[in-house]
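Quick look at what TrEMBL lists:
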type: BINDING; residues: 8-13, Asp33, Arg38, 86-90, 127-128, Glu161, 272-275, Arg342; note: NAD(+) binding site
type: ACT_SITE; residues: Cys272; note: active site, nucleophile
type: DOMAIN; residues: 328-452; note: domain 'UDP-glucose/GDP-mannose dehydrogenase C-terminal'
Amino acid sequence: MVKICCIGAGYVGGPTMAMIALKCPDIEVVVVDISKPRIAAWNSDELPIYEPGLDDVVKSCRGKNLFFSTEVEKHVAEADIVFVSVNTPTKTRGLGAGKAADLTYWESAARMIADVSKSDKIVVEKSTVPVKTAEAIEKILTHNNKGINFQILSNPEFLAEGTAIEDLDKPDRVLIGGRMTPEGQKAVAALKAVYAHWVPEDRIITTNLWSAELSKLAANAFLAQRISSINAMSALCESTGADVSEVAYAVGKDSRIGPKFLNASVGFGGSCFQKDILNLVYICECNGLPEVAHYWKQVVSINDYQKTRFVKRVVSSMFNTVSGKKIAVLGFAFKKDTGDTRETPAIDVCHGLLGDKAQISIYDPQVTEDQMKRDLAMNKFDWDHPQHLQPQSPTAFKQVSVVWDAYEACKDAHGICIITEWDEFKKLDYQKIYDNMQKPAFLFDGRNVLNVEEMRKIGFVVYSIGKPLDPWVKDLQVSI
Ligand code: NAD
Ligand code: UDX
């Protein structure tokens, strides 16, 4: 039996390995992590992450050929293939801070693999890493000259949260990069054989190591660039009376462009896009390509602009101050169908509103109060560096309440901000919500989930990203 060990039981390691175990009953898969609570949760009925369909996959293989353990060294030593799926956040200190990827976790995993291995291994980069990382990893793995053969492969993950199981079950492609030597190609074939259990052969792409590493950064940069492009258009739509949904539809009908990923929003969030683009920018700078770095940096700058623009619309529409006013924030996760809040635009919007002394009442069906408060107390980029977390500021939290019901959040509010596109927000009784709000009642739709005309008929003053402005909003705008 082939043995796989995955280091890192997070959003990628957990679901990815569960899918391999499901599709490959002849392979034993052990997912290991240094976090005891995380592993305990993977072994319980309350999995540590919310992902539609994940519970069923885990339940059907856990204890058979899928195991979760904190005995990291033991399982690494026993494995034929070791996936490394640890976090690779943005550096917050030192050289490249605010841009470069922090490879501390990766390096410590690689050193441990080198120390505990007694047999040849294929080591797979599952984490998103800077191009050329495999070269450094090779040096670390072979530093103690034990005569063990390590083959490094790059096998980046393309799943999106909220649809991880679907994406893993039917991936657009699986990408495997390896050394062009006979041993390297043998390792590529071995990993390809794992995926071939369920992925059609024409969807398994093999490349050289550097192409695979760079393709992951490039794919995320291209995806994020589409969102920043439509968000940039949304600002122009608001100034001209065009409707961004109509523009996106017309543009997306061109088969060369395609309809996906053109939803204007309050801004993209998530643990990957910003981090990976900043990493790409840093790599370009290090390679003497400032123009290329500047080009990609704009994708992040427009995203920041979009979040700031949203807050300015809220404040300026409400007579240029939200001080002491109750604002309901509907949704805190960075997208629907996940409880993940990493880099969620909700954090920036809440900070903006709190900065103007609003009282905010937040509701999200999947995010706990603790998580929200931790996020709001954190410095930028610190979410993946637990050692840098700030103590929670009691003053800021006097302005924040977290409730478990959208109607409660909106009761007596002056305004509502929709930040996450949860399906349930489309089905709320907005007449009831309106009746229980202060007047004029403001509705700021950061996800374009509501029908603007219907909301205006109820009586709301409505702002929806990239839609023709409510005359009220238009008249009260300061420059955006
Ligand atoms: P995560 O933070 O959810 O999980 C990483 C896990 O690794 C944590 O549980 C941590 O405790 C563990 N870990 C860190 N160092 C370790 C060590 N030395 N030994 C054992 N365990 C260790 O991160 P994630 O979201 O799963 O992302 C992992 C990687 O995958 C990142 O590089 C990310 O960019 C990439 N990625 C993420 C997504 C996504 O949707 N989240 C998608 C594609 C790629
Ligand atoms: C992304 C990539 O899609 C995935 O391939 C990669 O492996 C990890 O990073 P993820 O961050 O989980 O996945 O979610 P994604 O669906 O890409 O959404 C990212 C952000 O963009 C979310 O905040 C989402 O709401 C936003 N978004 C997405 C838009 O604002 N408009 C869109 O049209 C699409």
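Just so you know, glycine gets a Cβ as well, placed from its N, Cα and C.
This view paints the features noted in TrEMBL onto the structure.
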residue	record	contacts (Cβ under 8 Å, 6+ apart)
Gly8	NAD(+) binding site	Val31, Asp33, Phe83, Val84, Ser85, Val86, Asn87, Tyr105, Ala109, Lys126, Ser127
Tyr11	NAD(+) binding site	Ile49, Glu51, Glu161, Ala164, Ser271, Asp340
Cys272	active site, nucleophile	Thr128, Asn220
Gln274	NAD(+) binding site	Thr90, Ala224, Phe268, Val300, Asn303, Glu343
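In the vicinity of ligand 2, defined as a Cβ distance under 6 Å, the following of the recorded positions Gly8, Asn87, Thr90, Glu161, Cys272, Gln274 are placed: Glu161, Cys272.
For the domain 'UDP-glucose/GDP-mannose dehydrogenase C-terminal' (328-452), the DSSP counts in helix, strand and coil order read 47 helix, 19 strand, 59 coil. With all protein chains in the displayed structure included, the most crowded Cβ environment within 10 Å among the binding-site residues Asn87, Thr90 is that of Thr90.
Within the set of binding-site residues Asp33, Thr90, Gln274, Asp33 have a CB atom less than 6 Å from some atom of ligand 1. When secondary structure is read from DSSP and collapsed to three states, Thr90 (NAD(+) binding site) falls in the strand class. The Cβ of Glu161 (NAD(+) binding site) has 24 neighbouring Cβ atoms from other residues within 10 Å, across all protein chains displayed.
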